[in-house]
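Feature annotation from TrEMBL assigns compositional bias 'Basic and acidic residues' to 1-21. Taken from TrEMBL, the feature region 'Disordered' covers 1-46. Positions annotated as compositional bias 'Low complexity' by TrEMBL: 24-37. The domain 'Acyltransferase 3' annotation in TrEMBL covers 116-516. Under the heading transmembrane segment, TrEMBL lists 120-139, 159-181, 212-232, 291-309, 410-429, 459-475, 496-514, 548-571.
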Amino acid sequence: MEGMRGEEKRGLLRKESDADSIRSFASSSTLAATPTSPIEDDDKPSFLLEQDGEPSFCTTSLPPQPLPWRKTPLTFRGLTSLLLRLLLPVLVPLLPSFLHPHDPSKPPRRLHATSYLNGLRGVAALVVLHSHFLTNWFYPLRSGYLSSPENQYIMQLPILRLFYAGRASVAIFFVISGFVLSYKPLQLIRKGEQAKVLEVLGSSVFRRNIRLWVPITFGTAIAALLAFNNLYTPVPTRGELIPPVFPTWQEQMWHWYGDLSQFAFPWKGSGVDGNGAAGLVYNGHLWTIPIEFYGSIVVFVTVLGLSGVNRGNGGMRMLIGIGLVWYSLAHGRWDVSLFLGGVVLAEWSLITSPSSPGLPFHHRPTSRFPDFEDDNETRIDSLRLVRISKKFFAALSLLCRPAIRKLRPFTGPLNLFLLFVALFLLSYAGESPSPGHFHDFLVPSTPEVWEGVGLGREHFWLCIGALLLLFTLTNSTSLQSPFNSRLAQYLGDVSYSLYIVHGMVLFTLGTGLWERWTGLVGKEQWVDNGMGELVQVVVMAECKSGQWWKALLGCAVLNFVVVFWCADLFWRVVDGRMPRWGRCVEGLVSGKRRSSR
């Protein structure tokens, strides 16, 4: 009896112990609901399952773990699974970033005051790709509509021509650079933080060289390897400069180094001039990069010089900037005028922003033309372009207030009209003596100094058009919104990579398939274009051929897929890392730890 009682006691103690263990585990922090948990009770995993009406304890069901590769069964399914496990970590990073699995923990992209400029830059880079592809297949598209009797293609019409207007995109690039590079220093100047202005400008000057030239170094090195393997093919319709081929890779790379070092040398005896720019042998499309670097330094020096100009709350800086733009245009420097125009537009955007100088200016809900109805003394200061008494401007604003009220409903239509004018001017074609039927009336209005500049008339009107375009976008949040879309922002992210790699794809895969599918072979013939310049002769294929159109469509699809694939990969591996690398290098040489993010 005593043995049975002892057995019963031990059983009861065992049950109590088990019950205490369950209660302790269930009340532990691993299972307790927290106030901050976003998961509702119904969505929580259940650790207590009911079987036969009695609670029973069970553990969490974990997902099945893959077998170690040594234990993989030697079957077709097992070997296939093993092969996928080995290849996926390598193949997935090679896919374009927009095909990667979505990460729900990643926060959505934040848009900033100048985000729409990033989208505009991306669209402009896409237009450059269109230009270098389409004008090689349809060379007459380089000319304007009715510039000659045979030029009557619908895509030559104004505004439609912007689909492939590469030089117009270059002008837009330069204005955007001037705007973006000067925006933050100008904000600090308006806040009176002069010490930070010098710090930001010094950092920008140091990192600009890294930002521009390191991706170029990687990109042209790849081009040299492609040339060594004889993968380049001339454009069939005209003689195109392609990289030379050397018998050994050491000679090839030595030639590449010499070409790159001469191209990137900033202190050339003749200086950097947009009117006489030459391209790299290994990527002729990069002729704009020395101009970009030169223009960036012009922007930094100009902002530094304006940092002490505090009269008029920005108006005096804007007036000086306009004078510099006019001075550059008067001397035929279209490139410098575009960069300085970007500085003026950045100042304008800050002048017309809400009262807080640090608030992103595109948050203003209405048209951002100056509001004369604001009686605040600071607002009057922001409109002052010269040092005149505040009382005079106060009186002037009172006199003008009724007229401004009447004009306000027309500011929106006025902005749209200026947008149309900008797009029309950006459609100017200058590769023939006549720009075309719709632009002929502009020829007599072109300043005489531009007649002696290569493509001078075109550059002059593209300058005006690009500055007007950015001005209208700065004044309208509605016009900015398409460039803040996810697609435009992605194009902006890969824009520099797209600009670097597209030529390598077009003149290897693109022209190789073109020659194979159409039977055309590149020729080196030159003729006078009627303006005293030698250009490549056009060897046009028979466009009525069905095979020719099939070749065009096939090349377009393959080229664009491969170009964007390569650009995305180059962006993630090289170009996208440049801001962080630049800060790291700056931190190493300055002895200060800078954020690498």
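In case you wondered, yes, glycine gets a Cβ from its N, Cα and C as well.
Predicted-model confidence for the domain 'Acyltransferase 3' (116-516) is 86, expressed as mean pLDDT. By the Cβ criterion (under 8 Å, sequence separation of 6 or more), the transmembrane segment (291-309) is in contact with the transmembrane segment (159-181), since 3+ such pairs are found. Tertiary proximity for the transmembrane segment (459-475) is limited to same-chain residues at least six positions away from its ends with a CB under 8 Å from its CB atoms, namely 116, 120, 167-168, 171-172, 174-176, 179, 274-275, 325, 329, 334, 337-338, 341-342, 345, 348-349, 352, 361, 367-369, 411, 415-416, 418-419, 421-426, 428, 430, 439, 442, 446-447, 450, 453, 483. The transmembrane segment (212-232) and the transmembrane segment (496-514) are in contact, since at least 3 Cβ pairs between them lie under 8 Å (pairs 6 or more apart in sequence). With Cβ pairs under 8 Å as the measure, the transmembrane segment (496-514) is packed most heavily against 120-139, out of 120-139, 159-181, 410-429. Within its own chain, the transmembrane segment (120-139) has Cβ neighbours under 8 Å at 153, 155, 162-166, 168-170, 172-173, 176, 235, 237-238, 240, 285, 473, 483, 488-496, 498-499, 502-503, 506, 510-511, 514, 538, 540, 552, 556, 559-560, 563, counting only residues six or more beyond its boundaries.
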